[in-house]
Amino acid sequence: MSSNYRNFRNSVSWLILFLEAVFIVLFFFLFSDDGASRSSISYPVFQDVNHMVIFGFGFFLTFLKRYGFSSSGFNLLIVVLGVQCSILIEGLLVFLLQRENEDCLKRITKATVSMTAVVISTGVVHGKTNPLQLIVMTVVEIIVFRMSRWINNTFLQIPDNISVMHVHLFGAYFGLAVSSCFSEPSPQSEKNASTVKSELFSVLGTLFLWVFWPSFNSVLAVDKRKAIYNTYFALAVSAVTAFVLSVLTSKDGKFRMTHIHSAVLAGGVAVGYAAHGVEYPWIAMILGLLASLTTVLGSCCLERCLNPALKIHDTSGVHFTFGFPGVLGALFQVILLVIKNWTNLPRYIISLGYLVLFQVGAFCLTISVALLTGFITG
């Protein structure tokens, strides 16, 4: 919090009140369920995604002892504000582009999934920002992320269920760009300290995320059953690999919870792009293994080499938890696309080349927009 509590109270309370008043007025004009198609999403699935974003990420960020209450409390605040903002942006696009109206449940589910980008970015700047800054970052990021998705959908012809999965890439690199504008706390600072209880709650958040990740990857997928079991097998193998690599990379040959805390989720992040399109579970299992390997080895490389050179302070290790596996998953989707069209390669080599170019361009554009707008926001 700000050292001057009176100024902090005035600025935050009036900003929240102003935003909520604007949301209510805009909902009156833009939000309507008339002519909406029947929902393909059930309430239990939406509930899983909501639990993941509220409980999972809320507890995931509680490892710093000074920011345990603020991590879970501010997470709830920015999620509920961001979901309202995301739904309004969607309603504005429907009104301006004269598109078909979606049902309320699907709209709020997509908004909740989009908020994952913001809570991932929050993990990078955790302990360095106050609520006022987090609220501003939330509104800016959710608007920019929706515009990035609109560009991918309109000009690069990326399906909506694939463009939504860019939340991991966008959130990680937007947060890193914002964090580059903040000073790094000293290693001996109390702000970097944790306790056994705070780390235990953080592991609880990891378990919440692990359990609900199949619902997250399948909620907007065309083939939901295939997405669920591919995600589960990728998560299972990444969890096993995380334990193995933790023992092999530690000096005393013991498990390191810092490795397991991040790497067990890597398989779910990486398989998110192609979970509905993978035909055999062993392919998802290999991807989960590679994602976990990338996370553990990437964490060692970043902490020792890249982060000190670039003066990046990644509080929650978001770069190697969500950034690296997200890049791996995006590249895997392109490879899978080429393999599926390999038999038609002589006839459709030009169209396949354009398709691959658009897929690569989509995640490159996502990262570029995230870095640029994140730096401006910071």
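Note that Cβ sites are derived from N, Cα and C of the backbone, with glycine treated the same way.
Automated prediction, rather than curation, is the source of TrEMBL annotations.
The domain 'Ammonium transporter AmtB-like' annotation in TrEMBL covers 15-377. Summarising the annotation, TrEMBL assigns transmembrane segment to 12-31, 43-64, 76-96, 108-125, 203-222, 228-248, 260-276, 318-339, 351-376.
Across the domain 'Ammonium transporter AmtB-like' (15-377), mean pLDDT in this model comes to 87. Touching of the transmembrane segment (12-31) and the transmembrane segment (351-376) is ruled out by the presence of fewer than three CB pairs under 8 A, sequence neighbours closer than 6 excluded. Residues 71-72, 75-76, 79, 105, 108-109, 112-113, 115-116, 119-120, 122-123, 126-127, 191-194, 198-199, 201-202, 204-206, 208-209, 212-213, 215-216, 218-219, 261, 315-316 of the same chain lie 6+ residues outside the transmembrane segment (43-64) yet bring a C-beta within less than 8 angstroms of a C-beta in it. Residues of the same chain lying 6 or more positions beyond the ends of the transmembrane segment (228-248) and with a Cβ under 8 Å from any Cβ of it are 210, 213-215, 217-218, 254-256, 259-260, 262-268, 270-272, 274-276, 278, 281, 283-289, 291-293, 295-297. Away from its own ends, the transmembrane segment (351-376) comes close to residues 121, 140-141, 144, 147-148, 151-152, 156-158, 162-163, 166, 169-178, 180-181, 326-327, 330, 333-334, 337-338, 341, 344-345 of its chain (Cβ-Cβ under 8 Å, at least six residues beyond either end).
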